[in-house]
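Take a look at the structure below.
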Amino acid sequence: MATASPAADGGRGRPWEGGLVSWPPAPPLTIPWTWMGPSWGQHPGHWGFPALTEPSASPAASLGIFEVRRVLDASGCSMLAPLQTGAARFSSYLLSRARKVLGSHLFSPCGVPEFCSISTRKLAAHSFGASMAAMMSFPPQRYHYFLVLDFEATCDKPQIHPQEIIEFPILKLNGRTMEIESTFHMYVQPVVHPQLTPFCTELTGIIQAMVDGQPSLQQVLERVDEWMAKEGLLDPNVKSIFVTCGDWDLKVMLPGQCQYLGLPVADYFKQWINLKKAYSFAMGCWPKNGLLDMNKGLSLQHIGRPHSGIDDCKNIANIMKTLAYRGFIFKQTSKPF
């Protein structure tokens, strides 16, 4: 897949133009639905963030410590990242975008939100809630879609060879909203070791009846291709990339089994993001225990059953969404084949 190219406006382009915006991660906080109340944050709209407690005596004091740092437009491909910056100022580019969305009366000449007359505030408030909902998104990513994948395979102690994929889940994650838009999920019948071991069933939760009579890997790969086409992911103008928890799935497991069976590996499986590497870039530490460490480091609850392929995909998607909220831009980590 093609890599993103900088947009003409200095990298602040929309994702479908190949641009991206990057800024330091901001701590999660509540942004008010309106600035009509006597204090900052009186009418909070949460969007999943913990509430922010600020002194209510002086609105001006509150305004002095926060800068609405990144406001692009109402396309939904932007986010507000309030930062504790002291003397906050907008660039002329960001200010012009902010005024288009919020209305110029909400801003002083220097770009800092100010409390205007009651009539002006009421006028601006009519469309403010909808504008905030559109703006309160994520930093533009390099890809339109992330395809979250996590295989489960036959296994035993000691390890059996060759291993065979028995669960094949993919979540289509929108790169703008970081929401799951579509799911591909199939079980695969192993052919070399058709009988699952007790160790495998205990680890993955997959019982024999779940794989008996299921399609072969070749048939599943054909259905993956059909699903990719149906979802518009094969369009050359759509940028997408797989995301895995580690390199094993697409560097070892899939190419190894395809080689054993004499099957080709589609090009879209040859580029991916290793979530462990992305997390280490964002958080500054390596998640030794994979998803468990990443969920713990981000104060997230683990979803579902460990080593369930589809549940692991949901955890990966949740971790990605949380990192994106903090301003992280995901980049390909795999090297070209």
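Glycine is treated like the rest: Cβ placed from N, Cα and C.
Sequence annotations record features per position, and here Swiss-Prot assigns active site, proton acceptor to Glu152, His307 based on sequence analysis. What Swiss-Prot records for Asp150, Glu152, Asp312 is Mg(2+) 1 binding site. According to Swiss-Prot, the feature Mg(2+) 2 binding site maps to Asp150, Asp249, an assignment based on similarity to another entry. Taken from Swiss-Prot, the feature AMP binding site covers Glu152, His307, and the record attributes it to similarity to another entry. The domain 'Exonuclease' annotation in Swiss-Prot covers 146-320.
Taken as a whole, the domain 'Exonuclease' (146-320) shows an average pLDDT of 98 in this prediction. Compute the center of the Cβ atoms of Asp150, Glu152, Asp312, which mark the site for Mg(2+) 1; besides them, the chain residues with Cβ within 8 Å of that center are Phe151, Glu167, Pro169, Cys245, His307, Ser308, Gly309, Ile310, Asp311, Cys313. Distances between the Cα of Asp249 (Mg(2+) 2 binding site) and those of the recorded positions Asp150, Glu152, His307, Asp312 are shortest for Asp150. Taking a C-beta cut-off of under 8 Å and a sequence gap of six or more, His307 (active site, proton acceptor) has these contacts in its own chain: Glu152, Leu203, Thr204, Gly205. Secondary structure at Glu152 (active site, proton acceptor), taken from DSSP and collapsed to helix, strand or coil, is strand. Other Cβ atoms within 10 Å of the Cβ of Glu152 (active site, proton acceptor) number 24 in total over all chains.
Here the Cβ of Asp312 (Mg(2+) 1 binding site) has 26 other Cβ atoms within 10 Å, regardless of which shown protein chain they belong to. Here the binding-site residues are Asp150, Asp249; the one with the fewest Cβ atoms within 10 Å of its Cβ is Asp249.
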